[in-house]
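Some notes on the structure that comes next.
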Amino acid sequence: MQNWSGGDCSLRVCPFARAWHDTAIGTNDAHYYAECANRGVCNRDKGLCVCDDGFTGKGCRRLGCPDNCNGHGTCEYIEDLAGDSYDKRVNGIPGQKYTLWDQEKIMGCRCDPGFQGYNCAQRMCPKGDDPLTPSQNEMIQAIVVTLPSSSAIAEGYLTYFDPYGNAFTTGAIPFSAAMDCTSTLLTELLRLPNNVLNTVMVETVASPTSFISFVRNAPKSTTSTGTATTYTRPANTAICLIRFRSEPGTTGFQHLFGCNVSPHAAQGQHPATTGHASAICAVHEVALDTSGTRALSELEPCSNRGRCDQSTGTCKCYTGHVGLACQKQEALV
């Protein structure tokens, strides 16, 4: 009888799953189905697997997440984590398509913003610029919206990705060739929660002025090299420059803003924007020359001038340094 075993058919059979370890029977032919996936003991009375420590699921088919991610993350398959190209914490490295035998067996933690570590138990500390390395650059980004005509308006929005894993989306912004960036775009950036961009500067690039676009090589960092080219301004284009300032969280390498000018007005979408079917939005890092290098200030935990207490997410500054991220140097007496 199916699912029963033993001389008198009184013993239950436990679920089968691909074995974690097995004897290979050929090239690329291993991990065949095994009771409890060879990582547990079958309870013959109940027909349930008693899995080894760390293994879980029907037939012990999954390797669970450590400490259930401590309530500060989600437990996901390795195939999903490998394709994590949208998470800005991977610094621009493209995701990978993972198709090995354990793609739906091994699981890991995807930490919530502000947390890190294999089990998401560590809090991230404020990041800033090292005050002992002066004369460095802060990042400049150009928001470029190309419109079909001089009178067209494309209502869209920007998304800011901070260095702690958060993403903040603005309200609707009316982009036009004649827009004043300081009164429209800046207003929306200053409305974002937690004052994340309360020190940025915004300016309008008047026509026909162009700029030098800089594309960093991955993995992207404050010192990564790249390619610099002169951006030729198309007709009917709005260009807004966003200048980051030397404040905790906004120094060094900043991920490029997300920009969307597509219609976004379906019921339940936020923010609701009318967009424009023919408008195009692109975001560039701005360089000062075409040398192919654009070194930026640091964006380091506690600004390299303090110790990060990962249990509380606060910096313990070294003597002579103060501030949320130890980014300020006290006067020497």
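Note that Cβ sites are derived from N, Cα and C of the backbone, with glycine treated the same way.
Feature annotation from TrEMBL assigns disulfide bond to C51-C60. In sequence order, C36, R39, G40, G57, C60 make up the list of same-chain residues 6 or more apart from C51 (disulfide bond) whose Cβ falls under 8 Å from its Cβ.
Residues annotated as domain 'EGF-like' in TrEMBL: 26-61. Here the domain 'EGF-like' (26-61) is broken down by DSSP into helix, strand and coil counts: 6 helix, 15 strand, 15 coil.
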Around the Cβ of C60 (disulfide bond), the count of other Cβ atoms that are within 10 Å: 28
